[in-house]
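Asker: Sharing the features that Swiss-Prot gives for it:
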BINDING   G94, T95, F121, D206, E207, I208, Q209, T264  pyridoxal 5'-phosphate binding site
BINDING   R124, S263  N(2)-acetyl-L-ornithine binding site
MOD_RES   K235  N6-(pyridoxal phosphate)lysine
Amino acid sequence: MTNLFENYGRLPFSLIKGEDQYLFDDRGNKYLDFTSGIGVMNLGYSFEKGKVAVKAQLDSLSHLSNLYQNPLQEDVAEKLSQNHSYKAFFCNSGTEANEAALKLTHLIKKDQKILAFTDGFHGRTFGAMSATMQEKIQAGFSPLLPNFVASPFNDVVALEQILEKEKIGAIIFEIIQGEGGVLPISPDFVEALKSCQQKGILLIIDEIQTGIGRTGKLFAFEHFDFEPDIFTLAKALANGIPTGAMLAKNKYASYFSAGKHGSTFGGNPLAMASANEVLKEIDSDFLEKVTDKGIFFLKLLTEKLSVKATVKSIRGLGLMIGIQLTDEKKVPEVLALLRENGLLALSAGHDVIRLLPPLVMTKVELQKGAELLEKIL
């Protein structure tokens, strides 16, 4: 008997402790974590500077409404602002960040349509869900919000056809579709989207899963020299303390005048204290190490797994990697066998094993994970 809604497919054990990149359950089992709490714990479970900052803030002030100045918000916003090119709005989650982005877009572009891509994922609240072009996510919730249009990801021809047919004001997308199957954006699609921006279409980049160092850059769009009009963050921003952020170019700041949007808990002192330490930690040296480990891990997985009959492809960027299986029915079985052997991983799409290890994981542990995957597959 549970008093909880059963909207999650929970596994039959509890995780009770975390250390660095390891998790421990209530039965005494130890797991090497290749999930990071679904891309949240980028600095692992023992990020001491973050813990110290949160504990100190808890002793000082745990909540402050947005009726007053908040220097901690200013500190974090400055670190995210790309040399003061963007203004920040803080909230509590990824879907809230995307809702803020969509509201701002509506104020700027009025009744023009927003284009989103099939298999993208932007959240489960109504606006974000309307932009999430996955039938399994939208099923049962019609009518969704109007003025959203779908097009296949990485399909330049389809994009051009949509632009000819519809009055598109903005495009929302991920650099790597995470929930959709760890599918990276293609170079020709990058150029097509930049061309859209040059024609006055807003680019909204969802960095909820790819941001905060996951791909070897602070933001994944930096790999492709994008300058998004709007981008969104959450998950790893405060390393386990719930927070989200929507950032927009300075020229759009006036659209969110007083009272146009808000959040009771957004940018609260505990989250900002943690986020401030996270952003201090993820400097250029740290990101170089993530890039190096990502290259090492992807090469290792390719060498060990590409010859397997069960593996169709291996793809990713930095420490965000997907292993596509030839038989989608094998995904739950592989995940279960990995758990039994002390490794936690995720699924994505319908046929992909998704690996999101903490960015602090060592090459020794990455190799251990690769060897176990080789054995299981």
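Residue numbering: from 1, along the chain as shown.
Yeah, the Cβs are placed from backbone N, Cα and C, and that goes for glycine too.
Walk me through the surroundings of each of these features.
Answerer: In the three-state DSSP reading, Q209 (pyridoxal 5'-phosphate binding site) counts as coil.
Of all the Cβ atoms in the protein chains shown, 15 others lie within 10 Å of the Cβ of R124 (N(2)-acetyl-L-ornithine binding site). In the three-state DSSP reading, R124 (N(2)-acetyl-L-ornithine binding site) counts as coil.
In three-state terms derived from DSSP, K235 (N6-(pyridoxal phosphate)lysine) belongs to a helical segment.
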Asker: Near D206 (pyridoxal 5'-phosphate binding site) in space, meaning Cα within 10 angstroms, which of the recorded positions do we find among R124, K235, S263?
Answerer: none
Asker: Consider each pair of residues in G94, T95, F121, D206, E207, I208, Q209, T264, all listed by the record as binding pyridoxal 5'-phosphate, and report the largest Cα separation in Å as a whole number.
Answerer: 25
Asker: Report, in whole Å, the straight Cα-to-Cα distance of K235 (N6-(pyridoxal phosphate)lysine) from T264 (pyridoxal 5'-phosphate binding site).
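Answerer: It is 19 Å, counting Cα to Cα.
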Asker: Drop a 10 Å sphere on every Cβ of the binding-site residues T95, Q209, S263, T264 and tell me which sphere holds the fewest other Cβ atoms.
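Answerer: Minimum Cβ neighbour count within 10 Å, taken over the binding-site residues T95, Q209, S263, T264, occurs at T264.
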Asker: Of all the recorded positions given, namely R124, K235, S263, which is spatially nearest to T95 (pyridoxal 5'-phosphate binding site) at the Cα level?
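Answerer: Comparing Cα positions, the candidate nearest T95 (pyridoxal 5'-phosphate binding site) turns out to be R124.
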